[in-house]
Amino acid sequence: MDDTTKVLLRAIRGEAVPHTPVWFMRQAGRSLPEYRAVRAGIGMLESCRRPDLVTEITLQPVRRHKVDAAILFSDIVVPLRAAGIDLDIVAGTGPVVAHPVSTMADVEAIRPLEPEAVGFVAEAVRQLRRELGTTALIGFAGAPFTLASYLVEGGPSKHHVKTKALMYGAPEVWNALCARLAEITLTFLRVQAEAGVDVVQLFDSWAGALSEADYRKYVLPHSAAVLGNLPEGLPRIHFGVGTAELLTAMGEAGTDVVGVDWRTPLDVAASRVPGKAVQGNLDPCVLLAPWEVVEREATRVLAEGAKAPGHIFNLGHGVLPETDPGVLTRLVELVHHAR
Ligand code: CP3
């Protein structure tokens, strides 16, 4: 497929586009009845291991909403499980780790990821490549800080207290942990790239818990080790929540696009990442309001995004499960016909 026909890739490179490309984080998920139907009775990790199911779920929002990109259906903990870490994704909770990490011995027990152990992901990407035409395929992984947060806390957490206590209190253990996670993430993204994804997004969803100084000291080198060692020419998106103060540093980690949550207007964000494209940033809660509000807010996001070298329309974080999928379809039409 000719790259120049993929609107998402053109926007990333700052080239002229026929319309602003749009996709939604968590577009394949609980807001779709067809998703709930195919997932019925199948655990989350199990569904990620079945290439036919991954392909079907990844394609559902493309068919329904006509978004400009598909994002591989998987989870940030999939490569950790494939590297042998005992964890599960529990419905209604999220990832739960059997033996949380706290010591150097715990870190040394983490094995590298063998590419063959995520062969099911490569197979799904190859199937998707054949189906997608001019719709771009986005691969993804969790960044070292966000992955470390699950491993240290043992599951989802609000303030990442144990994670930050380890980072400040035992920096050698912290750095060893993040170095191993960076290696696993890099292997996972290389597998996806070799199988044919067009773009990768590195999710550092919880990095916004840190000050810029601590982000630069404890996290940026590890994320840069991932982003800086991907195949030449593979476009990168780097995203986190609550990262207004971190946008410049996240841009410096080595990315083409910086993902922005709803707190920072995109023109302000763009001024913090000179020369880079931005992605975002409608508040997912806006989609629960009447259409007039969605229209007004989406139009504002488009106007602010137009001031960046390139703009990919998205939400500021994932689609909420209670979102009416019809509103997402209508929003895609609005973005596509905005100029
Ligand atoms: O939301 C983000 O910040 C993106 C990064 C991220 C993913 N998984 C990527 C993902 C994070 C932080 C996770 C951890 C995770 N895994 C959580 C959050 C828990 C917390 O700390 O609040 C949860 C609930 C899971 C389990 C999970 N992942 C489920 C049940 C699903 C199915 C879809 C859904 O939303 O119900 C996923 C899918 C998933 N996780 C995708 C991605 C990029 C799918 C691709 C897509 O975006 O459509």
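Going from the start of the chain as shown, residues are counted 1 onward.
Quick reminder: no glycine exception, Cβ is built from N, Cα and C everywhere.
The domain 'Uroporphyrinogen decarboxylase (URO-D)' annotation in TrEMBL covers 21-30 (among others). Remote same-chain residues near the domain 'Uroporphyrinogen decarboxylase (URO-D)' (21-30) are listed as 7-8, 10-11, 36, 57-58, 60-61, 65, 67-71, 73, 136, 138, 239, 312-315, 317-319, 321, 328, 331-332, 335-336 (criterion: CB distance under 8 Å, separation of at least six residues from the stretch ends).
Sequence annotations record features per position, and here TrEMBL assigns substrate binding site to ARG26, GLN27, ALA28, GLY29, ARG30, ASP75, TYR150, SER205, HIS317. ALA28 (substrate binding site) counts 24 other C-beta atoms within 10 Å of its own C-beta, drawing on all protein chains shown.
For ASP75 (site 'Transition state stabilizer'), the Cβ neighbour count at a 10 Å cut-off comes to 17, with all displayed protein chains included. Here TrEMBL flags ASP75 as site 'Transition state stabilizer'.
Residues in the domain 'Uroporphyrinogen decarboxylase (URO-D)' (138-154) partition by DSSP class (helix H, G, I; strand E, B; coil) as 10 helix, 5 strand, 2 coil. What TrEMBL records for 138-154 (among others) is domain 'Uroporphyrinogen decarboxylase (URO-D)'.
Once the Cα atoms of ARG26, GLN27, ALA28, GLY29, ARG30, ASP75, TYR150, SER205, HIS317, the listed binders of substrate, are compared pairwise, the greatest separation found is 23 Å. Taking every protein chain shown into account, ARG26, ARG30, TYR150, HIS317 are the binding-site residues, and of these the Cβ with the most other Cβ atoms within 10 Å belongs to TYR150. A gap of 10 Å separates the Cα atoms of ARG26 (substrate binding site) and ASP75 (site 'Transition state stabilizer').
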